[in-house]
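**Student:** Grabbed the feature section from Swiss-Prot, which reads as follows:
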| type | residues | note |
| --- | --- | --- |
| REGION | 1-118 | region 'Disordered' |
| COMPBIAS | 7-35 | compositional bias 'Basic and acidic residues' |
| COMPBIAS | 53-62 | compositional bias 'Basic and acidic residues' |
| COMPBIAS | 63-73 | compositional bias 'Basic residues' |
| COMPBIAS | 80-89 | compositional bias 'Low complexity' |
| COMPBIAS | 106-118 | compositional bias 'Low complexity' |
| MOTIF | 160-189 | motif 'Q motif' |
| DOMAIN | 192-365 | domain 'Helicase ATP-binding' |
| BINDING | ALA205, GLU206, THR207, GLY208, SER209, GLY210, LYS211, THR212 | ATP binding site |
| MOTIF | 311-314 | motif 'DEAD box' |
| DOMAIN | 402-551 | domain 'Helicase C-terminal' |
Amino acid sequence: MAATKHSLADSEDRPTKKTKVDSEEKARLKAEKRERKEKKKSQESEPSAENSDADRAAEKERKKAKKAKKLEKKQKLAEAEASAEPAAEVSDEAPKKSKKEKKTTTTEASSNSEAPSSGSYIQTIALSNVPQAEIDEFLSKNEIHITDPKTENVTLRPVLEFHQLPATNLLEKKPSPFANYKAPTPIQSASWPFTLSGRDVIGVAETGSGKTMAFALPCVEAISALKHKHTKAVVVSPTRELAMQTYEQMASVAALNRMKCVCLYGGASKDDQRNLLNRGADIIVATPGRLKDFMSDGTVDLSHSAFAVLDEADRMLDKGFEEDIKMILSSCPPREKRQTLMFTATWPQSVQTLAATFMVSPVKIAIGSGGKETAGGAVELQANARISQSVEVLEPRGKEFRLLEVLKEHQQGSKKNDRILVFCLYKKEATRIENFLSRKGIRVGGIHGDLRQEQRTRSLEAFKSGQTPVLVATDVAARGLDIPEVKLVINVTFPLTIEDYVHRIGRTGRAGKTGQAITFFTVEDKSHSGSLVNILRGANQPVPEDLLKFGTTVKKKAHDMYGAFFKDVDMNAKSTKITFD
């Protein structure tokens, strides 16, 4: 390799090695510069005698003003009966935080941002100006019973009219989410002040009482402040139809705040639902089974969901979803860091236990004549008093032709297109009844578990539109479905439990309107006679003599095929140790 040549100029440009003389010269120049700087500083710091006195006087005045300011702050704190800790916070010279403390504070702030805003509800002047007598009359008339474990005297007033709600981003949207409503329903009126305050709430109310909007409004309001892109809220429903119906209302409210809502249920394409989830879902409305599937494969993550709703909680427990519900709620943030709402038509021990496990000091709001608690803490089951109930005792073989007679009686003249809901106990029975009525010229549709999801949806839409005014259904449609203007409910076969009877007839007489229910009762249903008599009497309905012949004793719920519907144990009792001799 050839050596590289450098010119003389190049060598002169390169730095040379420093000598001892160069270092001493540099130190001397540095010392002289420091000496000149100190001399100049001392000259500037020598004030005249007059200036010195003036400065001292000004300093004294500043100290006096500072002392007076501190004294004034102390007096204000004393008047407000503040504790010593806030007083320390007001101090002018707050101690500096260490890096560790700053990091802890930042972490706490970020974790708090995951929870929905709480305590933001402020009662409006319009609501405060309502006379207490009017509030008491409203609570009494609608039989609203509110129980708050944190206080004996409930101070939050029910919202009687929409304009009495506090102004928020959602409520100020155009068109208003309440454009089609005249006034809040009782469950909405009583629950909104608590849910908008960030409290956990249990709503015990009949079906068709406006429960969906009761939780839709506070849900969207609460999660609007959350800035992360994960799922912020989850609503769990027992059936596909109820999930779809809830989704429609939730999506319309969420869209006002530009939020995305996704509905998950069985019987539909998983791939299509997964694609929707991958595009982002602020709110998920789902049935327990399908939601659990997506959680298991990692598609859905609820660890940031600060708002959870259990709709028709008692029905989900009846259908065996207890473990699924526990898994879903356990996947959400801890109960102290989320807001949980539960809506149910009944208040059995199983629902009470679920609430105690996953909710924090929930406010219980019960609506209706069955709202008062019994000695055991349960809410007595009663039917909607606006529904006219009649029971016909028949021979088992005569039910189909009697059904045909009833339908022809009610589909005359202006009532030709009135919606009539016919309930059967089994899927095969529903198919047989539907085919029988169709052969007799009745415009009829069906909805039960054997049908594909598209068929069920099509039948339901045809019934809602009036295209087929008669719908034959099993109990899958008995709970939660919002089918407006159902004039008549016919129970061809009595359900397995008296609770299901109440929920079936609850399909009519919704939203403050009246309705009618006709029940065919046979000797095969005699074990339910006592419970049915109690329901009829509780709603001031006539009890036929033929029904009384079966007896009025209320028997424990059991079925030859499905077994017992009860437990002879105290669910709250502590376990005991068994000792053998």
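First residue shown is number 1, and so on along the chain.
Any Cβ shown, glycine's included, is placed from N, Cα and C.
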**Student:** Could you break down the residues of the motif 'Q motif' (160-189) into DSSP helix, strand and coil, giving a count for each?
**Tutor:** 7 helix, 0 strand, 23 coil
**Student:** The motif 'DEAD box' (311-314): which same-chain residues, six or more beyond its ends, come within Cβ distance under 8 Å?
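**Tutor:** Non-local partners: 211-212, 215, 235-238, 242, 246, 325, 342-348, 350-351, 354, 479-480, 499.
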**Student:** Sort the residues of the domain 'Helicase C-terminal' (402-551) into helix, strand and coil with DSSP and give the three counts.
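**Tutor:** Per-class counts: 69 helix, 26 strand, 55 coil.
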**Student:** Suppose you look only at the motif 'Q motif' (160-189); what would the mean pLDDT be?
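**Tutor:** Residues in the motif 'Q motif' (160-189) carry a mean pLDDT of 82 in this prediction.
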**Student:** Provide the number of Cβ atoms within 10 Å of the Cβ of THR212 (ATP binding site), excluding the reference atom itself.
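**Tutor:** Around THR212 (ATP binding site), other Cβ atoms within 10 Å: 25.
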**Student:** Would you count the other CB atoms within 10 A of the CB of SER209 (ATP binding site), including those on all shown protein chains?
**Tutor:** 23
**Student:** Looking only at Cβ atoms, how many others are within 10 Å of the one on GLU206 (ATP binding site)?
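**Tutor:** For GLU206 (ATP binding site), the 10 Å Cβ neighbour count is 23.
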**Student:** Taking the Cβ of each of the binding-site residues and counting other Cβ atoms inside 10 Å, which one has the highest number: ALA205, GLY210?
**Tutor:** ALA205
**Student:** For LYS211 (ATP binding site), write down the residues of its own chain that are at least 6 apart in sequence and whose Cβ falls under 8 Å from its Cβ; none is a fine answer.
**Tutor:** ILE187, GLY203, ALA205, ASP311, PHE343
**Student:** In the motif 'DEAD box' (311-314), how many residues does DSSP call helix, how many strand, and how many coil?
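**Tutor:** Computed counts for the motif 'DEAD box' (311-314) are 2 helix, 1 strand, 1 coil.
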